[in-house]
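These notes concern the structure reproduced below.
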Amino acid sequence: MALSHPRPWASLLLVDLALLGLLQSSLGTLLPPGLPGLWLEGTLRLGVLWGLLKVGGLLRLVGTFLPLLCLTNPLFFSLRALVGSTMSTSVVRVASASWGWLLADYGAVALSLAVWAVLSPAGAQEKEPGQENNRALMIRLLRLSKPDLPFLIVAFIFLAMAVWWEMFIPHYSGRVIDILGGDFDPDAFASAIFFMCLFSVGSSLSAGCRGGSFLFAESRINLRIREQLFSSLLRQDLAFFQETKTGELNSRLSSDTSLMSQWLSLNANILLRSLVKVVGLYYFMLQVSPRLTFLSLLDLPLTIAAEKVYNPRHQAVLKEIQDAVAKAGQVVREAVGGLQTVRSFGAEEQEVRRYKEALERCRQLWWRRDLEKSLYLVIQRVMALGMQVLILNVGVQQILAGEVTRGGLLSFLLYQEEVGHHVQNLVYMYGDMLSNVGAAEKVFSYLDRRPNLPNPGTLAPPRLEGRVEFQDVSFSYPSRPEKPVLQGLTFTLHPGKVTALVGPNGSGKSTVAALLQNLYQPTGGQLLLDGEPLVQYDHHYLHRQVVLVGQEPVLFSGSVKDNIAYGLRDCEDAQVMAAAQAACADDFIGEMTNGINTEIGEKGSQLAVGQKQRLAIARALVRNPRVLILDEATSALDAECEQALQTWRSQEDRTMLVIAHRLHTVQNADQVLVLKQGQLVEHDQLRDEQDVYAHLVQQRLEA
């Protein structure tokens, strides 16, 4: 709560004083005497202040404390009246009270405000406007659960049955006590015991079926959310993955989706069960003793006030824990994924220290969460114990007055204890539900994100020549728009020709390959394939016709066949072997135990570097592409394999772009393009350059 804004508090004070002045006049004489008039006065103050502050746009800043300001007086005198003869039952209306009483009322609000400001986490109030979106998120979660509606209906039916059975058990427990305490009636005693057993068995069976139905629905919802999120992530643009850490994405896919699926099956389940049971239990409590029931209701404001202080702190620390766990997971993935590099540089201890620091941050947050939760539970328990003592005191008075039997008081205490338990469940599950809705907000932000990509094309001609034209192409990465990577590139890749693209590191060679695969869009100029803009081609068609083999090929866990036929449907074994033969991979595949069905391990860890390159080339060739891009992908191949690749290229006049660093590659090229600082270097300029790439091209020209 922001204490630095006096305007809303001054407005609240002036409006309240004006309203009290009206209630002190003839309007106040219309209110009934005693407690009903006191409650009517408080309710009237609350409604008028709430409406006026909402119209004035100030409700968000001071609305939390309106119930405290308006209802403290009725609650106090109601407690005095319900306790009985031990205290006076005369009432004092705020409108007609002395200035000292009014100042005490305002002082209680000021003290509560100070406690709230100290205990609430920083920025809690600023986050409240965003929480208005929780209702929309909950509705969206319900819509997401629509396919599981039959299972949820069954679960809620069993929930209602379990609650119904459970509510009768304390009633018959009280009857047993009354039978044992008075004239013993064997038939009545046997009947009470029978119904206790019947309701207990029925409650247990219904609760088990309820839990099983909710868990089944939860598993289906969880799988559906994960599938949708993973599908959405794979369709994002590359800039998104450059800006978002892998650990964060893994956290969303694992922990956040689980929290989302629990929202209905766990949170809504317990919340609805507790709500229905609280209403039903209060009905039975009213049958036993209305006076004790109204006295027990006074525990609700204290519980809500404690929740108002605890819940924002709990939500804040949970969000910090989510981020800390994601960072710790990121450290593990980086260290394990780059284990060879870690060992090569002897950095094992450094990675252990990084992970220890990340875990220490998690430990601090976990300790803070558990400490605050423990204090909250202690306060709740003390309040519940105090209320039980008060109810026992008043209950004994009613027993002595003959208003309640001993069994009735026992039933009431059992009901009251169960009500307290379910009220705490309502408060706790409300906070937990907000946590899960917060996780849903992050997941939905990914599901709703629209990739910065052009509309998918539809061109899929039966025959493609493979002519590639860069026409004054410029490009800057989305994360660094002020720094151009390519500037005004104009050149043509001809079918049946090999074009070597050379240049120093950072000159834009890999960016040219990325543009040619339609991974990014030029910021200027046009990129044409057979005279048509690249973006107009169908996505799957384009990536069968234009294929890249990288310098460090990426393989996946699975068999040799799975990796060669990756992304293709109904790829026959004969096609796989033909591509492997063209890539000179058939020799080592034939030596494997299961041939093309042999598992190669995670990222192809069971293969040598040269074998990985051959499999990657075979994966490209099996698509029979018209344009092949080799990013120094033949560095680990022998002369025979390179010659086989040249033979494959010349068979159907395919277009080949080779990003080269070796003289041998440049000498075999039909065309050499030199990039420097994102621009093509002309041959006249090349003669004046003294770097290694100019030397390579000059040697090729002289040859």
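The backbone N, Cα and C atoms fix where each Cβ goes, and this holds for glycine too.
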- Is it the same side of the membrane for Arg80 and Pro290, going by what Swiss-Prot records? yes
- Note on the structure: For Swiss-Prot, the entry region 'Part of the peptide-binding site' belongs, out of 414-433, 434-453, 554-573, to 414-433
- Query: Who are the long-range neighbours of the topological domain 'Lumenal' (288-293) in its own chain, taking Cβ under 8 Å and residues 6 or more past its ends?
  - Reply: 82, 174, 282, 391, 394-395, 398, 403-404, 408-409, 411-412, 415-416
- On the DSSP side of things, how many residues of the topological domain 'Lumenal' (396-408) fall into helix, strand and coil, could you say? 8 helix, 0 strand, 5 coil
- Query: From the centroid of the CB atoms of Gly503, Pro504, Asn505, Gly506, Ser507, Gly508, Lys509, Ser510, the recorded ATP site, which same-chain residues not already listed sit within 8 A by their CB, in sequence order?
  - Reply: Leu675
- Item | Cβ-based isolation winner (fewest other Cβ atoms within 10 Å) among the recorded positions Asp16, Gly506 | Gly506
- Item | Chain-internal residues, separated by at least six, CB under 8 A from Ser507 (ATP binding site) | Leu675, Lys676, Gln677, Gly678
- If you count Cβ atoms within 10 Å of the Cβ of Gly508 (ATP binding site), leaving out that atom itself, what do you get? 23
- Task: Sorry to bug you, but what's the C-alpha spacing from Asp16 (site 'Inter-subunit salt bridge with TAPBP') to Ser510 (ATP binding site), rounded to the closest Å?
- Result: 70
- Message: By the count of other Cβ atoms within 10 Å, pick out the sparsest of the binding-site residues Gly503, Pro504.
- Response: Pro504
- Among the binding-site residues Asn505, Ser510, which residue has the largest number of other Cβ atoms within 10 Å of its own Cβ? Ser510
